Structures are given as structure tokens and as C-alpha cells.
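Here is what Swiss-Prot says about this protein:
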type     : residues                                         : note
ACT_SITE : H705                                             : active site, proton donor
BINDING  : R16, E17, L18, K19, K117, R526, C527, W572, E616 : 5-methyltetrahydropteroyltri-L-glutamate binding site
BINDING  : I442, G443, S444, E495, D610                     : L-methionine binding site
BINDING  : I442, G443, S444, E495, D610                     : L-homocysteine binding site
BINDING  : H652, C654, E676, C737                           : Zn(2+) binding site
Amino acid sequence: MTITHNLGFPRIGAQRELKRAVEAYWAGKQTADELLATGRALRAAHWRRQADSGLRFVPVGDFAWYDHILEWTTLLGAVPARFAQPETQAVSLDTLFRMGRGRAPSGKPAAACEMTKWFDTNYHYIVPELVPGQTYRIAREDLFEQVREAQALGYAVKPVIPGPLTWLYLGKGDAFQQGASDEDKLKLLANLLPVYQQVLKRLADQGVEWVQIDEPILALDLPAAWRDAFGLAYAQLAGSPVKVLLATYFDGLKDNLSTVTKLPVAGLHVDLVRAPEQLDDVVEALHADQVLSAGVINGRNVWRTDLDQALRKLEPVARQLGDRLWLAPSCSLLHVPVDLLAETELDAELKSWLSFASQKLDELSLLGRALDGDSSQAVQEGLAAQRAALAARRSSPRIHNPAVGRRMAASEQVSRDRAPFAERIRQQQARLNLPPFPTTTIGSFPQTAEIRGLRRDWKSGALSDSTYEALIRKEIEAVIRFQEKVGLDVLVHGEPERNDMVEYFGELLAGFAFTKNGWVQSYGSRCVKPPIIFGDVARPAPMTVGWSSYAQSLTDKPVKGMLTGPVTILQWSFVRDDQPREATCRQLALALRDEVLDLEKAGVKVIQIDEPAIREGLPLRRADWQAYLDWAVDCFRLSTAGVADDTQIHTHMCYSEFNDIIESIAAMDADVITIETSRSNMELLKAFEDFHYPNDIGPGVYDIHSPNVPDVDWMVGLMQKAGANLSKERLWVNPDCGLKTRAWPETEAALISMVQAARTLRQATS
């Protein structure tokens with residue numbers, strides 16, 4: 001009988017129960033015991049759902065209060081010195097939260113650890129901080145307690161832990177200047193591996209048979225030293241009394257396959273959604289007693305699986321491997337919403353095309369039964385339902401828009417060229433008259449409960465359109481007056497009408513669909529509800545012009561029009577899988593171009609097109625980068641094609657480590673780029689040491705993801721550090737991201753300090 005299992009389940013709960021509990025605890029509205037009880041209840045519900053679907057094992061260790069990498073970092077006791085962790089005491093939950101967000105109900109506030117994207121997904125992990133000679137110990141008991149929880153409920157468990165090489169590769173430290181693959185990090189294995197051995201021994205003592213060790217860096221281009229380190233590390237772990245399932249995902253093993261096949265592990269999981277072509281090579285390379293876990297259900301998108309195609313692919317493998325073939329999703333289901341049954345307002349046709357985490361478990365079970373030759377009525381009806389849904393989707397008239405097809409065919413003839421930057425910036429400065437070190441914010445201002453209530457009441461029909469518009473205009477005016485009072489130079493309207501920087505636009509574009517409970521975790525307690533792009537994209541009417549032109553009418557200072565860029569909308573949506581992603585992105589660019597030109601006609605002098613996701617779209621293998629960058633840059637330029645030279649185009653990128661793609665960033669030719677640099681202490685500016693970035697740049701001077709108010713001198717120091725590599729005439733002063741998640745008191749204090757920092761810089765250079 002084919003074993004089915006899961007690499008990980010969404011931890012947030014179908015109704016975001018974890019988010020609400022954690023935030024209530026942070027706010028002092030819930031005790032630690034109440035928070036822990038919520039965690040236990042969620043884990044029990046998730047294990048029950050997975051077991052009910054027929055999984056042989058339930059995963060344990062996929063639950064996290066903030067982030068699974070942070071959980072593992074604290075288990076290892078790798079707590080940075082500024083958090084004052086006693087060496088002999090367990091790491092507390094509050095210390096974990098302070099590492100993630102800078103503060104917690106107990107303990108002194110401190111600078112939060114850096115946060116960055118998890119491979120090429122929209123999930124963020126907390127970066128481990130590494131120092132030479134770092135020592136490790138088992139400093140948290142959560143993993144072992146959760147194993148006991150699941151066993152007490154009667155489940156066979158498969159603990160899931162990050163692999164030692166992946167954990168080190170993802171870590172950073174001042175001593176490791178060569179980046180992720182710095183070979184000096186491998187010296188830490190000597191202290192790290194004994195703790196892994198202790199963990200595996202303790203799990204074995206708890207009766208655990210299989211442990212899943214995630215090593216997703218095996219989908220990357222790895223230097224020889226790192227490939228060699230896999231052999232040394234897993235040889236040392238081979239003496240552990242548990243069976244190891246080595247899990248890889250997000251791409252194929254490719255040149256790392258020869259490394260993996262030499263490892264003394266009992267099983268191997270591979271992603272056959274991202275890299276279906278690797279199946280034959282992996283099967284051929286397996287040892288005679290090794291298990292192959294085939295990741296055939298897409299863990300990163302929401303479309304139903306073609307089970308007939310999967311069966312055709314797997315049947316010869318099943319005949320060859322027998323019970324050594326396991327089935328699983330391609331990766332953790334962390335990246336998809338919890339349950340389609342929670343969607344009561346999606347139309348039946350579209351809903352029939354979809355599959356969320358819970359439904360993917362059912363698909364997995366159905367596939368396993370069919371592969372085992374189960375010809376029962378239930379299996380046959382299940383397969384027939386899959387076929388019918390796929391056929392209906394392919395033939396639906398909702399998918400293709402002939403007008404979009406015609407625009408796509410003509411888009412190659414649209415000129416992307418503008419005058420040289422030196423000429424543009426001269427015209428823009430004459431029009432805008434900005435001081436040195438101009439100040440601005442990234443776009444959003446605090447989203448209060450009142451603002452969220454306005455949107456909710458309007459959508460439910462409790463507020464009329466006219467009343468809603470009047471109230472939103474009042475919020476916009478308040479934000480404009482606040483910015484004038486603080487002394488900012490380029491203003492924003494605050495985006496009170498927007499629930500999310502992608503969902504807002506998707507609701508106004510054709511080809512998009514929306515869920516009510518399709519939440520996925522982005523970072524910590526922050527969840528996002530990605531739109532679903534199911535068909536051709538078009539803009540039926542202006543989306544932002546009314547709000548932006550109203551905001552500009554309130555002040556003589558320039559107010560930025562705010563748009564989300566085509567690549568980011570693509571990256572942060574669930575994208576149709578029936579055409580290349582490039583084609584969908586180009587459709588988005590054409591729709592946004594219409595909006596840009598309408599904003600310009602309405603008198604908006606500065607237009608920001610956010611592209612925070614530009615780097616996360618990079619393929620994991622460098623050989624595939626240029627093809628992606630070519631179309632991503634072209635789509636950005638297509639979205640701004642035709643604007644006047646005195647209209648200033650901004651773009652924003654947050655948590656984008658783009659040092660290695662700086663030439664492509666420059667090729668986007670935005671007049672001003674604002675980037676996240678505060679958490680990384682201006683590390684992202686290393687790219688400018690060797691590359692003379694030609695246009696204006698605003699390196700973020702404070703971390704908006706932390707509630708701590710920045711110090712003026714600290715921000716001045718960051719800008720002086722930036723000025724060592726960049727022309728001071730080209731520098732802007734801004735936060736590193738939008739202010740949506742912050743409260744008003746800390747926002748006001750932070751922006752007052754930021755404006756003072758800019759004034760200090762002007763005085764120092766005058």
C-alpha cells in the first residue's frame with residue numbers, strides 16, 4: 001500500500017486563530033497559558049484533518065509561533081547576545097518573539113533579527129545570526145513536547161526539522177562576508193552536528209521511526225565545499241537510531257543529485273511539480289532500500305491536480321519501487337490557504353477548479369488509492385470529478401479575452417525608451433523643487449480599526465458609496481495634513497481605501513477572483529490573502545486616479561500616485577498555470593500602463609510603482625536568471641511607457657537582496673528607487689561599491705516591522721554610511737517599507753525623528 005504523507009500544514013488556522021491569539025498575547029489581552037492552549041488546539045485540529053485523509057504520518061515541527069526557522073534557531077540556543085539569553089536557561093517564548101519583532105510582553109526591547117524571503121516564495125523567515133565559534137545546545141523543548149502531544153492523540157508522527165546545511169546557509173554574520181555560501185560557515189558544523197545527533201536520539205527515545213530533515217538548498221547552485229559538507233554531515237548523523245527522509249523542494253536536484261545519492265539517508269523527497277523532468281534520474285540513482293517520496297501535488301498553487309497525468313507518470317515507478325514509493329505534496333502546504341470549504345461566496349464554477357491545503361490532502365489520498373489499484377466506486381467517482389473540473393476550466397469562456405490578446409500582440413511595438421536620466425531629473429527638479437535629502441514615505445499609513453471598519457461596512461452594503469467616499473476623503477486629508485505638519489517633502493495619500501497592495505488592484509482588474517478566507521502566512525502574525533488570476537487581465541476603469549487627484553488637490557507639495565507593479569502582482573497572486581507566467585505579467589503591465597497615463601493626465605507629478613517582489617521571482621538556478629530578468633524588467637518599463645520626462649517614476653523594493661542583479665535594477669530606469677536596508681545595516685548597498693547606480697535612491701533608514709522608534713543619530717549614521725558609496729545629491733530619506741501595520745503614536749514619533757535626521761544631514765552638507 002502506497003504511503004502518503006505531508007511535508008507541513010498551514011499553522012495559522014482556517015480562521016487565522018493563531019494570528020489573533022498571538023496578537024492578543026502581545027497586546028496583553030491574553031495570558032501565555034491561553035496562547036499555549038490555542039496552539040495545542042490548532043495542532044490537534046490539523047493533525048486530525050491530516051490523519052482523517054489517510055496520511056500514514058502526521059508532521060510535527062511544522063507549527064511555529066512566528067517562523068519555523070526561528071523556532072529551530074531558538075531550539076539550538078543560537079540567540080544573539082543583545083537578547084541577554086542566560087546560557088543555562090531555556091529560551092523563553094518571549095525571547096523568541098523579541099528576536100522576531102524586537103519586543104515582547106517581557107524582556108527589554110532590542111533590534112529584531114533580519115527577516116528575508118524564503119527562497120522564491122512570499123513567506124519570510126527570520127535569519128539566523130552566526131558568529132565564529134558559536135556553540136549550540138537544546139534550549140527549547142517545544143518539538144519534543146509536540147511529539148508527545150501527537151502521540152497521546154494516537155497519531156504516528158514524522159518530526160520535521162531544518163537541515164544543518166540549510167540552516168547554516170540561510171544564516172548571516174558580520175564575520176561571513178562572502179554571502180550565503182561563505183565556506184567559513186561550515187566550520188560551525190563541528191559544534192552544530194552533535195546537537196542534531198542529540199535531537200535525533202531524543203526523538204528515537206520517544207518512539208519516532210522517521211524524521212524529515214529539510215534541505216531545500218539542494219535545489220540551488222552549491223559550491224563544491226558545500227556539496228562535500230553534505231557527505232560529512234550526514235555521515236555523522238547516520239549513526240542516529242531514526243530513519244531520515246531528506247526533503248528537497250522548490251526545484252530539481254540537477255547537479256546536486258550525485259551528492260544526494262551518496263548520502264546515508266533512508267529516503268529522499270523530490271519536487272516533481274517544479275521539476276518533473278528529474279523523476280527518471282532520481283529513480284535510477286536510488287539505492288536498493290531507499291524510499292522515494294514523490295512530490296506530485298502542487299504545494300504552492302491552488303489549482304486542482306491532473307490526477308490522470310500523475311498516475312501515468314507514477315505507475316511505472318510504483319511497479320519498480322513497490323512500497324518504497326511514497327506520495328506527498330511538492331513542498332509544505334504552508335504556502336496555500338487552509339480549506340476551500342471556508343469559501344462560501346466563490347462562484348461554483350471557479351470553486352470547482354481549486355484545491356486548498358485540506359483538499360490537497362484528499363487529492364493525495366485519492367491518488368494513492370488509485371495508484372494501489374483501488375477500483376472502488378468512491379475512487380472512480382473522485383477521479384471522474386477531477387477530470388470534469390479540469391475539462392470545464394479548459395473550455396470556460398471566462399479564461400480568454402480577445403481584446404487582451406490583440407493588445408498583447410501589439411505590445412512589442414510600444415517604445416519603452418525615455419530621455420536619459422540626467423535630462424529627466426533636471427526637468428523633474430525644476431517642476432518639484434525638492435531640497436537635498438528629500439523625505440518621503442513608502443505609501444501606506446496606519447490602518448486603524450476605524451479604517452478597516454469603513455471598508456468592511458462599505459463592502460457589506462452598510463455604508464453607501466457617497467458616505468464611504470466622504471469618510472475616506474476625510475482620512476486622506478488627515479494624512480496629508482499630518483505629513484505637512486511633520487515636514488515631509490513628497491507626500492502620499494495613505495491608502496486608507498486599500499486592504500492589501502495586491503488585492504486592491506486585483507479587485508479592480510478583470511481576470512481576478514477573490515476569497516474570503518484564503519489567508520496564507522507572510523511573516524510572524526501577518527497574513528495575506530492572495531488574489532487568484534484565473535484569466536486574461538484587463539483594466540475596465542481607472543483604479544486610483546480619483547483618490548490620488550483628490551489628495552493632490554489638498555496641498556502644494558507633490559503627492560505620489562501609488563501602484564503595485566506587474567511583477568509583484570504576479571508574484572503575490574496565485575497565478576493561472578495554463579500559460580507562461582511571462583504572458584500573465586505582460587497583461588498586468590499593459591493594464592497598469594493605462595493607469596499610469598491616466599494619473600499623469602490628472603496632474604499627478606510623481607508615480608510610484610512598487611516592485612518589492614522583483615528578486616523573489618528569480619529562478620533558484622542562476623542559469624535561468626537572465627531569461628526571467630529580461631521579461632521582468634521589460635514588463636516594468638512597459639508599465640511606464642509613454643510618461644513625460646518631467647513625471648518622476650519611483651519604485652520600491654523591500655527585503656530584496658539584489659546585489660547580484662543590480663544591472664537589471666538599473667535597467668528598470670526608475671527615477672527613484674527606495675529599498676529596505678535598515679535591518680541589514682545598509683548591507684544591500686554593497687552592490688553600489690562596484691556599480692555606479694545612475695539614478696536617485698532612498699535607502700530605508702528605519703525598520704517599520706519593529707515598533708521601536710528609531711534614534712535620530714542612528715539614522716544619520718546610516719545615511720552617512722550610504723553616502724560613502726552613493727552621491728549625496730542622489731539620496732532620499734525614507735522608511736524601509738509602508739506604515740500600514742504600525743500604530744499612529746510610533747509612526748508620528750518615527751517620522752518626526754526621520755525628518756530631523758534629514759535636516760541634520762542638510763546642515764552638515766550645506
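Note that Cβ sites are derived from N, Cα and C of the backbone, with glycine treated the same way.
Computed from a predicted structure; not experimentally measured.
Everything Swiss-Prot records as a feature, shown here on the structure.
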residue	record	CB count, 10 Å
R16	5-methyltetrahydropteroyltri-L-glutamate binding site	18
L18	5-methyltetrahydropteroyltri-L-glutamate binding site	23
I442	L-methionine binding site	25
G443	L-methionine binding site	25
S444	L-methionine binding site	23
E495	L-methionine binding site	24
C527	5-methyltetrahydropteroyltri-L-glutamate binding site	18
C654	Zn(2+) binding site	22
E676	Zn(2+) binding site	26
C737	Zn(2+) binding site	27
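Relative to C737 (Zn(2+) binding site), the binding-site residues with Cα atoms inside 10 Å are I442, G443, S444, the candidates having been I442, G443, S444, C527. Among the recorded positions L18, C527, H652, C654, H705, the residue whose Cα lies closest in space to that of E495 (L-methionine binding site) is H652. Once Cβ contacts within 10 Å are tallied over all protein chains shown, the recorded positions K117, H652, H705 are led by H652.
For the L-methionine site listed in the record, the two most distant Cα atoms among I442, G443, S444, E495, D610 lie 14 Å apart. A distance of 20 Å separates the Cα atom of C527 (5-methyltetrahydropteroyltri-L-glutamate binding site) from that of I442 (L-methionine binding site). Between the binding-site residues D610, E616, D610 has the most other Cβ atoms inside 10 Å of its own Cβ, all protein chains included.
Distance noted between the C-alpha atoms of H652 (Zn(2+) binding site) and L18 (5-methyltetrahydropteroyltri-L-glutamate binding site) is 30 Å. When the recorded positions R16, L18, S444, D610, H705 are ranked by how far their Cα is from the Cα of C654 (Zn(2+) binding site), D610 comes first. Of L18, E676, H705, all annotated as recorded positions, the residue with the shortest Cα distance to S444 (L-methionine binding site) is H705.
Following the DSSP three-state reduction, the secondary structure of L18 (5-methyltetrahydropteroyltri-L-glutamate binding site) is helix.
With respect to their backbone Cα atoms, R16 (5-methyltetrahydropteroyltri-L-glutamate binding site) and the residue listed as 'active site, proton donor' stand 20 Å from each other. Geometry remark: D610 (L-methionine binding site) versus E676 (Zn(2+) binding site), CA distance 12 Å. L18 (5-methyltetrahydropteroyltri-L-glutamate binding site) has H705 as its nearest neighbour among the recorded positions G443, E676, H705, going by CA to CA distance. Separation of the C-alpha atoms of E676 (Zn(2+) binding site) and I442 (L-methionine binding site): 10 Å, rounded to the nearest whole number. In this structure, the C-alpha atom of I442 (L-methionine binding site) lies 13 angstrom from that of the residue listed as 'active site, proton donor'.
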